[in-house]
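Below is one structure, written out as structure tokens; the observations come after it.
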Amino acid sequence: MAHYNFKKITVVPSAKDFIDLTLSKTQRKTPTVIHKHYQIHRIRHFYMRKVKFTQQNYHDRLSQILTDFPKLDDIHPFYADLMNILYDKDHYKLALGQINIAKNLVDNVAKDYVRLMKYGDSLYRCKQLKRAALGRMCTVIKRQKQSLEYLEQVRQHLSRLPTIDPNTRTLLLCGYPNVGKSSFINKVTRADVDVQPYAFTTKSLFVGHMDYKYLRWQVVDTPGILDHPLEDRNTIEMQAITALAHLRAAVLYVMDLSEQCGHGLREQLELFQNIRPLFINKPLIVVANKCDVKRIAELSEDDQKIFTDLQSEGFPVIETSTLTEEGVIKVKTEACDRLLAHRVETKMKGNKVNEVLNRLHLAIPTRRDDKERPPFIPEGVVARRKRMETEESRKKRERDLELEMGDDYILDLQKYWDLMNLSEKHDKIPEIWEGHNIADYIDPAIMKKLEELEKEEELRTAAGEYDSVSESEDEEMLEIRQLAKQIREKKKLKILESKEKNTQGPRMPRTAKKVQRTVLEKEMRSLGVDMDDKDDAHYAVQARRSRSITRKRKREDSAPPSSVARSGSCSRTPRDVSGLRDVKMVKKAKTMMKNAQKKMNRLGKKGEADRHVFDMKPKHLLSGKRKAGKKDRR
């Protein structure tokens with residue numbers, strides 16, 4: 001099926017936008033910093049890359065344009081002729097040809113300047129070669145200004161064309177302007193074509209879709225056609241001629257019985273005879289429209305003879321009225337049936353059908369005598385069929401039960417389960433429990449094993465295996481157990497005391513704590529230590545012991561005094577109050593010190609989760625190049 005979608009063609013930029021886009025992309029996607037003290041091969045590569053990158057961008061965009069636009073020789077003749085009428089085939093091909101030439105010129109310019117750049121001996125010379133190469137490429141594109149603008153207009157118009165499938169089932173409406181073609185398509189499809197009481201309201205092709213016999217149909221509304229030579233017809237009329245020539249459709253030739261369109265029945269008949277060659281090998285129906293104003297029976301004899309002659313030639317004439325919808329469905333049905341029959345007949349005449357038919361052979365046996373041999377059906381089968389026709393089925397289905405019980409019905413599929421024990425049908429045992437398959441843990445002989453275990457236990461109980469009394473423990477073991485019990489109770493008390501304190505600050509180590517003598521003696525007694533001889537204990541002896549008597553210093557001769565008189569030394573002023581004149585100033589200094597310590601205290605409680613790494617290099621300030629007028633950012 002030839003199906004074309006011209007809405008996917010990419011936008012064709014103007015020459016100025018084309019150049020700006022490409023050069024901007026080159027500046028963004030290639031390095032921008034080079035210095036003259038770099039090695040010459042690095043400088044050459046820097047500018048070669050810019051030239052090649054620009055050439056590749058031009059090449060890709062131009063190739064995309066050439067690929068997206070349809071080739072007139074490859075598409076369906078209907079679209080080829082329609083594009084020739086709307087856009088002029090020669091102009092269209094010239095524009096695409098110029099784009100193709102521009103693409104080749106850009107490639108050649110890049111190739112030449114890359115070759116010259118290999119011999120550049122300085123940064124300045126390589127830069128000038130790059131500048132010349134990009135300039136020549138832009139000049140080539142600038143000369144394609146008119147071609148690019150023309151192709152953009154063609155693209156916009158193509159995207160607005162209706163999607164017409166030339167090979168599907170189609171009904172085609174044609175006739176003089178203002179005879180009711182657009183009103184008919186609005187009635188049979190969901191199209192919304194503008195209808196006005198003047199000629200040439202429809203200036204292009206319109207498509208509507210409908211369903212008939214579960215098939216999809218398209219109805220094409222063509223602009224009105226006037227009766228004059230083909231060379232004198234304008235673009236609007238030629239669209240209708242193109243559709244008639246190329247679309248394999250059922251043609252509905254619409255005539256105005258009331259002659260309100262401004263053309264008599266004779267003129268409409270002459271137009272019919274003029275375009276009759278376009279109706280060859282197509283089902284044709286003459287639609288006599290506006291029968292609500294005037295019917296065929298009310299016409300003069302000469303006008304009635306027009307429709308009589310058409311019917312005698314094999315063209316059905318159907319009276320319709322799009323205002324009252326009389327005959328509209330009849331026309332639709334007749335046209336669709338004729339087109340379906342015509343398509344089947346055409347396929348039967350084709351080679352493809354003959355190839356299939358040649359492979360098929362219908363074997364018909366020849367009669368050997370005149371004796372009748374009807375098919376044999378056993379009497380039991382015949383009787384069963386009669387019972388099935390008269391009697392109801394014995395087994396009730398779930399649907400029958402649902403209808404009988406109504407709201408009380410509950411779907412129960414477990415009653416059909418085929419189990420060994422029928423009472424287990426409704427046991428609620430899951431198939432999967434906590435990721436384990438229940439079937440893996442079910443032993444079919446589990447009840448038998450349980451009975452064996454119960455018998456074994458009864459035998460053991462009868463033998464008195466469980467009647468033996470445990471041996472009495474000795475005194476040493478009882479003391480150990482009692483001591484262990486006291487230790488466990490002591491641990492529990494310690495835990496409770498610790499919970500009551502609930503200290504959250506730093507804890508002082510046990511060796512640094514001051515131990516009171518009474519507390520120590522109490523703890524030792526609770527642990528079972530005999531404290532009767534506590535006065536001779538080590539800690540009591542150490543407490544009573546006085547300081548060792550030092551050896552008396554030998555008296556020395558007095559030296560003559562270095563000074564006549566010396567006043568007694570005074571104590572040094574504390575640092576936290578030195579330099580402060582009064583109490584008020586001391587309080588103020590302490591307040592300032594406390595406020596300064598707040599931040600440090602907060603950071604002191606900071607954990608690993610409170611860490612934050614600040615962005616020391618914000619990209620929006622440090623990315624890009626420092627151009628003129630941008631240096632105040634950093």
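Here the Cβ of each residue, glycine as well, is placed from N, Cα and C on the backbone.
Per Swiss-Prot, the SUMO2 cross-link annotation among the candidates Lys50, Lys103, Lys213, Lys448 falls on Lys103. Looking at Ser393, Ser472, Ser571, Swiss-Prot tags one of them with phosphoserine, and that residue is Ser472. Record check of Lys130, Lys294, Lys332, Lys590 in Swiss-Prot: the feature SUMO2 cross-link is attached to Lys332.
Per Swiss-Prot, the phosphoserine annotation among the candidates Ser468, Ser578, Ser623 falls on Ser468.
Of the candidates Lys36, Lys352, Lys534, Lys619, Swiss-Prot marks one as SUMO2 cross-link, and that one is Lys534. Checking the candidates Ser14, Ser122 against Swiss-Prot, the annotation phosphoserine falls on Ser122. Ranked by Cβ neighbours within 10 A across all protein chains shown, the recorded sites Lys103, Lys534 are led by Lys103.
Counting only the Cα atoms, the space from Lys332 (SUMO2 cross-link) to Lys103 (SUMO2 cross-link) is about 52 angstrom.
Counted over every protein chain shown, other Cβ atoms within 10 Å are most numerous around Lys332 among the recorded positions Ser122, Lys332.
For the compositional bias 'Basic and acidic residues' (573-585), the DSSP counts in helix, strand and coil order read 3 helix, 0 strand, 10 coil. On the backbone, the CA of Ser122 (phosphoserine) and the CA of Lys103 (SUMO2 cross-link) stand 30 Å apart. Summarised by DSSP class, the composition of the compositional bias 'Basic residues' (586-604) is 19 helix, 0 strand, 0 coil. Between the C-alpha atoms of Lys103 (SUMO2 cross-link) and Lys534 (SUMO2 cross-link), the distance comes to 112 Å.
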